[in-house]
Amino acid sequence: MSEPVGRTAKPLMRVLSGERIWPPPMWLMRQAGRYLPEYRATRDKAGSFLSLCYNAELATEVTLQPIRRFGFDAAILFSDILVVPHALGQSVRFEAGEGPRLDPVATAEALAGIREEIDLELLAPVLETVERVAAALPPQTTFLGFCGAPWTVATYMVAGQGTEDQGPARQLAYNDPALFGTIIDRLVQASITYLVAQLKRGVDAVQVFDTWAGILPDAEFDRWVIAPTKAIVDGVRAQVPGARIIGFPRGAGARLKRYAIETGVDAVGLDWTADGAYVRAEVQTKVAVQGNVDPLVLIAGGEALDRAVDNAIAAFGHGPWIFNLGHGITPNAPIAHVERMIARVRASTGPA
Ligand code: CP3
């Protein structure tokens, strides 16, 4: 948290201050995950996915695994965005092969069963993981905390599960914007409390995951994506001055510029559909960017992968840039392809 400024600072933190670094610092979304045999072994020891999230010793171990194996420039806290609704009192389960299941909160009656404030006691094991990882990381490695953005978390709270088109949350936001707004406001406050706790316990910066931002029409994008994210950025910085924040509004497209300027984030994560020329001219001139190789090209490997890496370097290598995928790495990504991608980025002399 007390990051020195200037040349001694961690490379990824320097990019978040607007510097261009070469080669670009890199990490991968979902870098601790099922594509790693050591992750699968630790997960089997923990039992369920949620018990892995709430076991500080094992969660620390899986957070560090991709750092040991690949020497990434950032570790990301091992947890899930759905621990926040859990700590608000909602029932959350992960069923094998099926993804998350929650008791839906889509009515005033159901919302009455949800806490007004997050119970950080329930997240004590996660915050203990933060302390353990912070103590174990190499000094040059940035430690990222995170939360889900209110809109994305609300899509799971309202539907009770992942959905193809986030229909239940979109529908509730139209039918009863006051009720939906109450859910969003509660998530804003919970996210501020949770991110501040992560920063105070040892993360260097935080990322706000808005996986389903892109599905909203313009006006709703302003109301349910930009406004709550700005409230989180302002609320966190009121308690942790200068806190560095990455926003990931997946699918935001031509709204990335507005998102970057209006929320006040230090960097935006790009999904693989982002327009390189637009981002370079309109977004990267204002904030740092992170991304955006298609996770599926990592499965293909070979020349397709090399070309994707080179395209990202050509598009974003001129300015402040953190190399990453455009979304999480998939369980079937071959480790040899991850190694090939890393080597190509590290060996690159930069864009032409
Ligand atoms: O990036 C990281 O390595 C940090 C850990 C992390 C996880 N989930 C671990 C996880 C982070 C940052 C998340 C965020 C998350 N979780 C998001 C936003 C980003 C994204 O990926 O879209 C969302 C929407 C969730 C909710 C969630 N968690 C779903 C829908 C699922 C099931 C789908 C799946 O891949 O299995 C999860 C489970 C989950 N979260 C796993 C991991 C490693 C897989 C669980 C397992 O080991 O089986």
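Using the three backbone atoms N, Cα and C, a Cβ is placed for every residue, glycine included.
Curation plays no part in TrEMBL annotations; they are all automatic predictions.
Taken from TrEMBL, the feature domain 'Uroporphyrinogen decarboxylase (URO-D)' applies to 25-34, 144-160. Among the features that TrEMBL reports, substrate binding site is placed at Arg30, Gln31, Ala32, Gly33, Arg34, Asp80, Tyr156, Thr211, His327. The feature site 'Transition state stabilizer' is assigned by TrEMBL to Asp80.
Screening the recorded positions Arg30, Asp80, Tyr156 for a C-beta under 6 A from any atom of ligand 1 leaves Arg30, Asp80. Here His327 (substrate binding site) comes close to Met29, Thr211, Arg250, Asp271, Trp272, Pro295: these same-chain residues lie at least six apart in sequence, with C-beta atoms under 8 angstroms from its C-beta. Around Arg30 (substrate binding site), the same-chain residues at least 6 positions away in sequence with a Cβ under 8 Å from its Cβ are Gly328, Ile329. With respect to their backbone Cα atoms, Tyr156 (substrate binding site) and Asp80 (site 'Transition state stabilizer') stand 12 Å from each other.
According to DSSP, Arg34 (substrate binding site) is assigned to coil rather than to any helix or strand. Of the recorded residues, Asp80 (site 'Transition state stabilizer') and Ala32 (substrate binding site) place their C-alpha atoms 12 Å from one another.
Considering only the residues assigned to substrate binding, Arg30, Gln31, Ala32, Gly33, Arg34, Asp80, Tyr156, Thr211, His327, the longest pairwise Cα distance works out to 22 Å. Helix first, then strand, then coil: DSSP counts for the domain 'Uroporphyrinogen decarboxylase (URO-D)' (144-160) stand at 10 helix, 5 strand, 2 coil. Across the domain 'Uroporphyrinogen decarboxylase (URO-D)' (144-160), mean pLDDT in this model comes to 98. DSSP classifies Asp80 (site 'Transition state stabilizer') as coil under the three-state reduction. Highest local Cβ density among the recorded positions Arg34, Asp80 belongs to Asp80, counted as other Cβ atoms within 10 Å over all protein chains shown. Taking a C-beta cut-off of under 8 angstroms and a sequence separation of 6 or more, Ala32 (substrate binding site) has the following same-chain neighbours: Tyr39, Val62, Thr63, Gln65, Pro66, Ile76, Phe78.
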